[in-house]
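Enquirer: Here's a structure for you.
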Amino acid sequence: MRRWPPRIPAPAAVAYRRAAAGATSTATEATDDLVRQHNRSIAALLRRGRFAAARRLFDALPARSVVTWNTLLAALSRRGDVPAARSFFDSMPVRDAVSWNTLLAAYARSPRLDHLAAARRLFDEMPQRDAVTWSTLLGAYARRGLMDEAQSLFNEMPQRNTASWNTMITGFFAVGQARKAMDVFEAMPVKDSASLSAMVSGFTSNGWLDEADALLTKRLRATDMDKAVDAYSTLIAAYGQTGRVTDARRLFDMIPKAQSQHKGHKRRIFERNAVSWNSMMMCYIRTGDVCSARALFDEMPDKDLVSWNTMIAGYTQASDMEEAEKLFWEVPEPDAVTWNLMIRGFTQKGDVEHARGFFDMMPERSTITWNTMISGYEQNEDYDGTIKLFQRMLEVGERPSHHTLSSVLAACASLATLRLGAQLHQLIEKSFLPDTAISNALITMYSRCGELTNAKAIFSQMHTQKDLVSWNALIGGYEHHGHATEALRLFEEMRRAKVVPSHITFISLLSACGNSGLVSEGRVVFHTMLHEYGLDARVEHYAALVNLIGRYGQLEDALEVIKSMPIAPDRAVWGAFLGACTAKKNEPLAQMAAKVLSKIDPESSAPYVLMHNLHAHEGRWGSASVVREDMERQGIHKHPGCSWIDMHDKVHVFISGDTSHALTHEIFSVLECFYRSCRDWS
């Protein structure tokens, strides 16, 4: 009978087996190459943030290695999805040390306390542990301030590396146990620059600057340690923050300058780098010594972009925008920070037009840039510019942030444009989570526009988010609209809530009492400010008190208040007293106050106008004419009054003496942008 397959002769059989083995080996190599190629594709997708695409590719693979599994496990760990990472880990057919350490790191990074316990259980289950394993769990304990557990684990470690010792140092400093951190440092068999930086950072964060200085300059040969300059830079910056510029400069001068490298010249391991130069420059700038900072800047051999921005920031803080602009045009490649510094510097100086020029020249604008320019308009009381630029921001598709909305709401409050402010409120409710600053801006806007019910509703909804600004905003709203009783009641509620009032609180309360004739209540408020809260009365408080007392007939008492002031009364105080005298038709005191006020502020028309009105009201037209002639002879003119109303989607401004009015704000077009934006962002 014929056999199948046919018998192969011995020599041919050997050759056949060798050929078959070769074919198998070739196929295996081809499969391994394909798996490696797929692994690279998955890693590339994950680097670009395309996790879903990477997962689809993983699920479609016919063959996977442990590297394939570990790549996706690491991605889940980085995303912070610990339950998904655990489930994926449990489904792995094969695990290596990388797999265990990756899942352990996911548990260790999680803020949840039960995940730390799970990390410890996983640590105990691991078939083998390496240095990464021990360091990962040690770091998890130290970051949470569990230094007893960290110390216990540290003592169990079979081998400790420098990173382990540094973790203990950082952990002890973080919980305020500086002595234990020092003991760990002293016990270290080998110290590196990271150990030194950990000690200096710990000392400076705990306010032990002299100990950090002694460590660097007396106890160690830090100058022989590579990258020890980073620790020096940290201490220099700390000295700058505390105003100890002389100590900072002494330390800076101990660092040798970098030398040009020639062939065969050995590089120093301890020399100045850009960080040390920049830290010293910032020390000078913090104390306002821009000249010394510039001298250092000019001496600096290799400037980086931080160096240029630091020097420009120094000039902008000193309001020397001429020098800042000269330096700006020398920057090799200015970034967004450089441009924003210039915009902010000009707006802080009040030169909004120049700031807008830089804004328009910017090649690319971020939300921060838009916010800088919008807030610059608002801070310089160019509310028209604020709203128009906000409209432009919406038109180009840039999404506003909380800071944007705060500035625009402040402009709405100043212009009393309720319609636009209410639309902003709708946008916030649909597309943003209101924070304290936004809520405060809404309270101020509604209060200024007379919508006190809405302002109170927002205030009540804030609950624990309320801060001092929240209380002051609503109290100021009540004062602005003559609701003194509600302002005083809210102040009592504020005291029960243990919120400490500020000078602004008492200015609003005194003004509210003055507007409503609550003289005795106002006196109590003033006494409370001085004796219960220990606040020194400012000129504004005295002006409000003089107005309160004087307008209700107590002119002699008001004059006594002025005479007893520990600070010199200004135009506001004498103006309040003059207003009270004219209201009560006390001509002798009014004449005296007008004379003083004219000396304090010769350009002011207020004393002339008030005296003219007093004479005219009494029918003394001759005396009134004399006052007017004297005013004209001095070249003093009364500024025309103006008012505005928000009607038919426009703000209409009326100026005294005009027969027509100006339309200053095209609110309707802004609202149209709002409607589109709300649809896009909802």
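Any Cβ shown, glycine's included, is placed from N, Cα and C.
Sequence annotations record features per position, and here TrEMBL assigns repeat 'PPR' to 65-99, 130-164, 273-307, 335-365, 366-400, 467-501.
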Enquirer: What counts of helix, strand and coil residues does DSSP assign across the repeat 'PPR' (65-99)?
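Expert: Going by DSSP assignments, the repeat 'PPR' (65-99) contains 25 helix, 0 strand, 10 coil.
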Enquirer: Which residue counts does DSSP yield for the repeat 'PPR' (366-400) in the helix, strand and coil classes, in that order?
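Expert: Across the repeat 'PPR' (366-400), DSSP assigns the residues as follows: 26 helix, 0 strand, 9 coil.
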Enquirer: As a test of reading the model: what is the averaged pLDDT for the repeat 'PPR' (65-99)?
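Expert: Mean model confidence (pLDDT) across the repeat 'PPR' (65-99) is 88.
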Enquirer: By DSSP, how many residues in the repeat 'PPR' (467-501) are helix, how many strand, and how many coil?
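Expert: Tallied per class, the repeat 'PPR' (467-501) gives 26 helix, 0 strand, 9 coil.
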